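Visitor: Questions regarding the structure given below will be posed in turn.
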Amino acid sequence: MSSADVDEVSPYELLGLSLEATDAEIRTAYRQRSLKVHPDRNRGNPDAARKFHELNQAYELLLDPLRRMALDAKQRVKEARKARFASYDAKRKGLVEELEASERAFKKAKLEKEGEERARWLENERIMDEGRRLREERERALRKREEELLTAEKANASENEPPAVGTLDTTVRLKYQVAAHPELTTPSALSTLLSPFGSVDDSAIVISLKPSPPKKPKRVTALVAFKQIGGAFAAVCSSGRSENGLTSIEVDWAEGKEPELIGWLVKMGKLTPPSSLSTQSPPSVNQRQDAPSSTAAASAPPFSSFPSTFPNLDALPNASTASPAVPGLDYESLTLMRLRQAERTRMEKEIREREAAEE
C-alpha cells in the first residue's frame, strides 16, 4: 500500500464516520470533535488551529452533495485498491510498492524541476527589472543634467543680455522749495539746470506747484525725461550736491526705484554703484546722443565710474509696445512721442497722488 494513501486522511476519517453517515450524524460528529480541537480551548497546542481548520473543511465538504458524491466515488476506489492489495502475495506487494515509489519519485522530480525553472524565470525577471530600473535612473539623471545645463546656459545668456527699458527708466523726479529756487518754475529752466547730465526732452517736462499750506514753504515737484538713461543716472547720483547746482534739490527716479538696466550694469561691472559716487562728478557728455553746447560739455567734469560706451537703447527690448513705425522718426523720437502722448497724463496724476499722500 502506498504511503500517500496512508498519509492522506479522508473527511470521513477526520469525523469518525462511515460512507453511509447522514447529515445529522455529520453535524453531531463535527460539534463533538470541534470542541476538542478549538483554538480557544487549546491555547497551548500549536496544532489546534490547523486541526480545527481541517475539521471545518471536512464538515463543509460532506454537507455539499456534489462534492460528497465525488469523494464517495474516490473512497470506494481507494477501498477496492486496499482489498486487492491485501489479496496479493508478498512478492507482488513488493512490486506494487516499488512501482508506486517510482511514480512518487518521478512526480517529486518533476515538481522540483518545475520549481527550479520558475525560480530561474523569476530571477531573470528580477534581473531584467533591475536593469530597466538602472537604465531609467541613468536616463533620468542624464535628462536632469541636460536640463540643469540648459537652465544654466539660459541664465548666463539672460545675465549677459541687458533687461528691457521701461517707459519711465529715463525719467527723474525733482523736489525742491520755490523759495530756494524761484527760477526753477519753467520747463526751460529745468532743462538748462539738468543739461550738463544729458540731453533732456523739454516737451515732456511736467511741473506741479503744490499749494502752500499755512506756515509751510511752497514746494515744487517735477518730472524730467532724459533722452538717455545715462543722463538720468548721473542726475540721481548728483542729488543735493552743490557743485552741480542741485543744492536743496532732491532728485530720484520717477518710479521710486532704480531701473533694472542700472542694476544689470552694476552687476556686469560696467557701472559703479551710486553709493561709491558721492565724491565724483556727472558723466561726460560723450554718453549722450544729443549733446548740449560745447560750453556746457566742457564745464562738466568726467564721470569716471560711468561706462564710456553706454548700451545702445536702439538694441534694447522695450517694456512697452512700440508705436507703429513713422517715416523719418528714429527710436528716440518714437520714445519721446510716447512720453508726450501716453505718459504725460499718468505722470501728472502720479505727482498729485504722491503730494496728497505727503499732506
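Even glycines carry a Cβ here, placed using N, Cα and C.
Per TrEMBL, coiled coil is recorded for 92-155. The compositional bias 'Low complexity' annotation in TrEMBL covers 273-284, 291-311. Positions annotated as domain 'J' by TrEMBL: 10-75. Positions annotated as region 'Disordered' by TrEMBL: 273-333.
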Visitor: Can you break down the domain 'J' (10-75) into helix, strand and coil residue counts using DSSP?
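Guide: The domain 'J' (10-75) comes out at 49 helix, 0 strand, 17 coil.
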Visitor: Tell me, roughly as an integer, the mean pLDDT over the domain 'J' (10-75).
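Guide: PLDDT averaged over the stretch: 89.
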